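Engineer: Sending over a structure as structure tokens; questions will come in a sec.
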Amino acid sequence: MDNLSPEEVQLRAHQVTDESLESTRRILGLAIESQDAGIKTITMLDEQGEQLNRIEEGMDQINKDMREAEKTLTELNKCCGLCICPCNRTKNFESGKNYKATWGDGGDNSPSNVVSKQPSRITNGQPQQTTGAASGGYIKRITNDAREDEMEENLTQVGSILGNLKNMALDMGNEIDAQNQQIQKITEKADTNKNRIDIANTRAKKLIDS
């Protein structure tokens with residue numbers, strides 16, 4: 001650089017500025033793509049959470065229907081005049097340990113407690129959180145023109161998007177953990193419902209054969 005004329009130094013400064021500007025544009029483009037991917041992922045997680053809620057509600061409805069079916073079987077036994085020996089009485093399914101462990105009091109296991117996290121810091125796909133730039137800005141100004149203004153703006157947007165990506169990652173992690181717990185609960189409810197249905201079928205067959 002010492003051997004360059006002032007004109008050549010100025011030309012080189014403009015070349016470096018142009019290259020730096022293009023770099024910040026590429027970085028911003030990649031950051032926006034990453035943010036869009038994050039928003040789509042959170043949207044899909046939210047839709048998946050709604051599906052899990054519907055499935056769990058279905059499990060709860062089956063449980064209620066089976067309660068009514070068991071009452072009907074008991075009434076049919078009485079109507080048919082069947083004398084049931086105390087030792088052969090069917091134990092109330094809901095008094096069992098497995099049932100209580102699965103349904104409990106409906107507190108922490110209810111679908112309403114599985115909260116779907118939304119990207120609270122994202123609005124219409126645009127970064128809403130601003131992170132403080134370094135004192136004096138992100139770049140050291142050389143040409144002090146519109147190109148450096150754009151570079152500063154690009155890097156400011158990148159910083160904001162990075163903050164959003166961090167928050168989205170936390171939201172996704174929390175949502176995935178909550179959904180994994182809900183899937184486990186749905187599996188337990190499905191198993192309990194199956195056992196309850198099997199027991200009811202056995203009672204019905206005995207009633208028919210009697």
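Any Cβ shown, glycine's included, is placed from N, Cα and C.
Keep in mind the model is a prediction, meaning the values are calculated, not measured.
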Engineer: According to Swiss-Prot, which residue out of S20, S135 bears the annotation phosphoserine?
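Structural biologist: With Swiss-Prot as the source, phosphoserine is noted for S20.
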Engineer: From the set S116, S160, which residue is assigned the annotation phosphoserine by Swiss-Prot?
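Structural biologist: Record lookup in Swiss-Prot returns phosphoserine for S160.
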Engineer: Which residues in the same chain, at least 6 apart in sequence, have a Cβ under 8 Å from the Cβ of S34 (phosphoserine)?
Structural biologist: I161, L165
Engineer: According to DSSP, how is the domain 't-SNARE coiled-coil homology 1' (14-76) divided among helix, strand and coil residues?
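Structural biologist: Its residues fall into 63 helix, 0 strand, 0 coil.
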Engineer: Rank aside, I only need the closest one: which of the recorded positions S23, C79, S160 has its C-alpha nearest to that of S5 (phosphoserine)?
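Structural biologist: Given the candidates S23, C79, S160, the nearest one is S23.
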